[in-house]
Amino acid sequence: MKRHLKACLWVLCFASTALSSLADTTSPKPTLASAFSGKSKTTAVSTALKANKTASELLPMVINTWNFTAANVLAWRILKQSKGGLRQTRNAVVEGCSKCEKLQCDRTVGYGGSPDELGETTLDAMVMDGATMEVGAVAGLRRIKDAIKVARHVLEHTQHTMLVGDAASAFANAMGFESESLVTPESKDMWLQWTAENCQPNFWKNVHPDPKVSCGPYKPRPTPLTRWKEDRARNEYEIGRKNHDTIGMIAIDVESNIHAGTSTNGARHKIPGRVGDSPIPGAGAYADNEVGAAVATGDGDVMMRFLPSLLAVEAMRAGKPPADAAEESLRRIIRHHKDFMGALIAVDRLGRYGAACYGLDEFPFMVSSPAGRDGPTRLETVKCIAGQDKVNIVSF
């Protein structure tokens, strides 16, 4: 009996050793090609695949919405100040978004853009730490140019998540930021032209006098329930890149520490007091070191109702690749708003990323990482299909 037992144990041991040896010879180490999901649509990524780079070469990374190159380059330079970007992701995101504020990117970020109905520019911004899940945000910030840096002070020096309006400005003053006008000759001319054209377009509905031909002041107009959908469609403000935009940025180091941030001056000719999606956690941006991060841009009044950045991160948590997560998140919105315009970038903790967009011709975004073919920083573009229940995606 003992001899029989020893023989069985010997056979099991031999089989285990053989299988282990076979696995070592037939299971290659993960490469960039096996790490990516979906079909590549850019030359840079195709070259990276052919080069057979390992997944570890995807990090560190900086990625942001739109072709805001200077912001990305600065964030990448800051991220690279330490090996692998360690302890620099927050600095990278804050300084990258701050660069866009100073450059007044597309006149939709920073001072001197998107005046509201009274001709004033106000700012929204947010920073989120994917390790602690802490957020610092400001909304409707007045007379302070450094919105993203004030948001950082909210994160680091208060137990709150968001400060708004004049009180946020007073907090900024207490933290050492100087008050100054955010109005420029360009933004003043923009507002004067708008008022000369009977305040068209605007964001009012179900009021009198008719907001399509008048500047107001307005009063509520009773609307029969049967006409509500008709009036909503008729009065919708056409959202486009030049009147409604955000920089959303994500930075990840080699240990998958993540920060995400946003900055914007909101919708042009907005009703004073309006806040969009950018400073709202889960809407404008969301980050979780266990999974990844996402940033959004587009029609913030619609997007904040669906928390698309949170949806994308949770889809990745459930196992979806970044591109599929971004698409799924946008489809949730599109089912309810066929005229919606927006885009989303999703990145997992390993540096794999995807983008989806709707309602535009195309959506450009900037990426800096070791996986670049002709250097770390490159512009990626995804084509969008507008006016149909369909989304083009690009995944890497």
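Yeah, the Cβs are placed from backbone N, Cα and C, and that goes for glycine too.
Remember, predicted model here, so these are calculated numbers, not experimental data.
The feature active site, nucleophile is assigned by Swiss-Prot to Thr246. Taking the Cβ of Thr246 (active site, nucleophile) as centre and 10 Å as the limit, one finds 35 other Cβ atoms among all the protein chains shown.
When secondary structure is read from DSSP and collapsed to three states, Gly300 (substrate binding site) falls in the helix class. If you draw a 10 Å sphere around the CB of Gly300 (substrate binding site), it holds 29 other CB atoms from the protein chains shown. The substrate binding site annotation in Swiss-Prot covers Arg274, Val275, Gly276, Asp277, Thr297, Gly298, Asp299, Gly300.
Within 10 Å of the C-beta of Cys100 (disulfide bond) we count 28 further C-beta atoms, all protein chains included. What Swiss-Prot lists as disulfide bond is Cys100-Cys105 (among others).
In this view, Cys215 (disulfide bond) is surrounded by 17 other Cβ atoms within 10 Å of its Cβ, with every protein chain counted. Feature annotation from Swiss-Prot assigns disulfide bond to Cys199-Cys215 (among others); the stated evidence is similarity to another entry.
Secondary structure from DSSP puts Cys384 (disulfide bond) in coil. Neighbour count (other Cβ atoms within 10 Å of the Cβ, all protein chains): 22 for Cys384 (disulfide bond). Among the features that Swiss-Prot reports, disulfide bond is placed at Cys357-Cys384 (among others).
Feature annotation from Swiss-Prot assigns signal peptide to 1-23.
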Query: Rounded to the nearest angstrom, how far is the Cα of Thr246 (active site, nucleophile) from the Cα of Cys105 (disulfide bond)?
result: 9
- prompt: Where Cys215 (disulfide bond) and Val275 (substrate binding site) are concerned, what is their Cα separation in Å, rounded?
  reply: 21
Candidate with the highest Cβ count within 10 Å, taken from the disulfide-bonded residues Cys199, Cys357: Cys357
Query: For Asp277 (substrate binding site), which residues of its chain lie six or more apart in sequence with Cβ-Cβ distance below 8 Å?
result: Thr246, Ala283, Gly284, Ala296, Gly300, Asp301, Met303, Met304
Query: Where does Cys105 (disulfide bond) sit in the DSSP three-state scheme?
result: helix
- request: Write down the Cα-Cα distance for Val275 (substrate binding site) and Cys357 (disulfide bond), rounded and given in Å.
  value: 22
